[in-house]
Ligand SMILES: O=C(CO)[C@@H](O)[C@H](O)COP(=O)(O)O
Ligand SMILES: [Fe+2]
């Protein structure tokens, strides 16, 4: 199923509750929350109290993308704060299996994210335990970067492996540079969950922007 996930990294943080609700009204499927620790990536964004406040103010599915070095310590805390799904980087300092177990023990969904230089095969040992794989289509850390079209073969490899394993409903998410010009390529390659920050929050009419993204994805088939 095709899902549109606005990234609040590009929203007006002084009006966070309204910005999330406006995307709900615009027809977005989930909300993507970028957490950066200034260590795993060279930027700092937001943390636990923001996720806890968001949880109180919306029933939207909260997809929390942890760009942090220690997801084993903090992943479960984001789960407790109200994340519906916690996505951590396989390149972090934490052992992936321990993070998966810790998030699942909280009753939450779990995903693994791959930086552009990380091979698709790195995630294969964990696929059957995951709800989602996130393929970064920019170097993580900042919104508004250019989509890396050379990530499309990685999407194809992961989708093919999921099919081989019978994981037919696996969500494969792309994050970075997704807009009306790039979404079709990612969709054709096997992605079905599309994070978009600047391409949605940068537009005056959120409903039009969400609808257009969906239409441009579908134009791929
Ligand atoms: O994780 C990240 C950046 O590291 C993202 O979720 C960005 O927020 C996407 O922003 P755009 O590329 O869509 O502007
Ligand atoms: Fe993200």
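Please read every residue number as a count from 1 along the shown chain.
Cβ from N, Cα, C; glycine included.
The divalent metal cation site recorded in TrEMBL includes 32, 34, 65, and the single candidate from 150, 171, 175, 179 that the record places there is 175. Sitting within 8 Å of the Cβ centre of 7, 65, 141, 142, 143, 144, 175, 176, 177, 197, 198, and not among those site residues for substrate, are the Cβ atoms of 9, 10, 34, 138, 145, 195. In the three-state DSSP reading, residue 198 (substrate binding site) counts as helix. In the vicinity of ligand 2, defined as a Cβ distance under 6 Å, the following of the binding-site residues 65, 141, 143, 177, 198 are placed: 65.
Listed binding-site residues near residue 65 (divalent metal cation binding site): none (candidates 141, 143, 177, 198; Cα-Cα distance within 10 Å).
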